[in-house]
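A short worksheet on the structure shown next.
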Protein chains: 2
Amino acid sequence: MTRAYNFCAGPATLPEEVLRQARDEMLDWQGSGMSVMEMSHRSDEFVSIAETAERDLRELAGVSDDYAVLFMQGGASSQFATIPLNLMAADGSADYVNTGIWSKKAIAEASRYGKVNVVASSEEGGFTTVPDQSQWDCSVEASYLHYTPNETIGGLEFDFVPDSGPVPLVADMSSTMLSRPVDVSKFGLIYAGAQKNIGPSGLVTVIIRKDLLGHARRETPTMMNYQVIADNGSMYNTPATYSWYLAGLVFKWLKAQGGVEAIGQLNQRKASKLYNFIDDSDFYANPIAPRFRSWMNVPFTLAEDSLNNDFLAGANARGLLNLKGHRSVGGMRASLYNAMPEAGVDALIDYMAEFARERG
Amino acid sequence: MTRAYNFCAGPATLPEEVLRQARDEMLDWQGSGMSVMEMSHRSDEFVSIAETAERDLRELAGVSDDYAVLFMQGGASSQFATIPLNLMAADGSADYVNTGIWSKKAIAEASRYGKVNVVASSEEGGFTTVPDQSQWDCSVEASYLHYTPNETIGGLEFDFVPDSGPVPLVADMSSTMLSRPVDVSKFGLIYAGAQKNIGPSGLVTVIIRKDLLGHARRETPTMMNYQVIADNGSMYNTPATYSWYLAGLVFKWLKAQGGVEAIGQLNQRKASKLYNFIDDSDFYANPIAPRFRSWMNVPFTLAEDSLNNDFLAGANARGLLNLKGHRSVGGMRASLYNAMPEAGVDALIDYMAEFARERG
């Protein structure tokens, strides 16, 4: 068996140690005679798994008791509706920052539920930078201010947390969650689809300040009502138990790596290596303003698009997988989530250098 | 490693062969260098896994091209809202049959979206029977007629498919799906949480007649819009890929068992053995009208409730797990889903006989 280096943007590579443990426990979790996926979510065993995962996530991300931590289903895309349904009054409004394709999806869905003010956008320049906050046209009347700290497709990442004043700050952290230290106390709500830095798809974690619970609109489906989910410890119905368990294994793994501080330093080093190589090359290019280059998702182009297929074929042959860029952007994209070892980045750079020498 | 017999009502026991294959493929699916949970949902590998699972489900359940098959998230509980949002006009109504706790939950959620007519109920008698259809107060004006073919908690199962005339028939088949042959062509919509006969929790399968697509209300969250999910092959956003893969393994396993016809005969035999033993005993009892006893969930009581804890402790010691009944019903419950081998039922009966001899 050979494990490849998988640069997929999501679902993404997971730590090999986590997969090994999941494999070893597949038929019999710790002498229980059952797989975790066969356990009642109300059983002592699973409740312990679930609570440990929540505790570890709180510790890793620095989440205080002022916040509820929810393990929900439906991905970040369901949250695009869940957020306005819970936080925006029917006659209210919300502010959104538009920095890429995921911002736009969040804006489109929220617009179906009320007035959305796009307070800043970098679309005109092709989403290559983050608009200067001094120019944002925010309102203190807004129910919340929403932004996307890391745009998975564009490879654009905020290096600051916006100041939203008294307005709750809401962030789609799907592709940056747990990749670097963040001061959670600055946020009203943080959500993250699991399939990048947390675990398998089909799970979405929500960290919500408790004073924001209990304001859902009448038409909110019960399964989307944050108050209901919080009151029931994310077990109003049967949760995605196996995904929750795997997330817990990833949290344990991350703690063993030294936590978010340590992984953040590693992530910065991994990304810097690749960006420096790209910048030093006259064959590869990345369009993002250097200050806002993502640590997690590195899009790059080759000098000629006609070489793309050869580049991908050669990469696949070396076990460097899923480097094809998103169809809306083209070129390549290397996702360097927490579970991508530095050796994977080194192997990618070696290959890129060789390809440029031979075909450049 | 010892595998126990797990009688949990859900998440429930899975076929050991399925777990073994999932274990063996955990780090490297068929030489891909990746776990299935690390694959892009857009990759050729995963699309093939997903399409094969859908094809096998269609074959097993006998689903024609007149129906779309969806792999959604959020469990059956999310469907309780999704169904009225998609099928009931805001000024319309829907008919519901009330045969137990899950019916009641479906009714409660639908009532938040429009007029619900409870056309029949067996609540007064403690949900021990199915109301005679000749007495149902159905309306041809209803947007649909909803019922729960198998009540997981009460252990009550329809032995017929209601005749809804021109009104679309909607069924929550969570705990009976694929357990016996069903004529899908009689239904407008069938939904089933996976965590009983299909796979892990966090996945819900929906079989919907295509003419029922495209009628979602304006306020329907996009992720709950059947038309959107169908148009995108259940990949409007990242689906629960690993759960979908496991469901596919279960479908392959079920085909190898001879399909739904063969498993239905086995299920009937398993259930009959246990009910016959209970009826022949003066120590155990089941309250459900014999004609409507569930093949999947068998609740039973002991002669004295004070013996319950001893019964459960003795069962656990023998590796007969999760026999405690639902808190709303009390007593015991043995769930005999497809993956419960007949040997498990035999072992349960042996234990029940011994316990009755010693303590009865």
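Just so it is clear, glycine is given a Cβ too, placed from its N, Cα and C backbone atoms.
Because the structure is a prediction, the values reported are computed rather than measured.
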From A:T152, A:T205, A:T220, the one annotated by TrEMBL with A:A76, A:S77, A:W102, A:D172, A:Q195, A:N237, A:T238 for pyridoxal 5'-phosphate: A:T152
Binding-site residues (A:S77, A:D172, A:N237) in Cβ proximity to chain B, threshold under 8 Å: A:S77, A:N237
Distance, A:R42 (L-glutamate binding site) to A:W102 (pyridoxal 5'-phosphate binding site) (CA atoms, angstrom): 35
Cα separation, A:K196 (N6-(pyridoxal phosphate)lysine) to A:T152 (pyridoxal 5'-phosphate binding site) (Å, whole number): 10
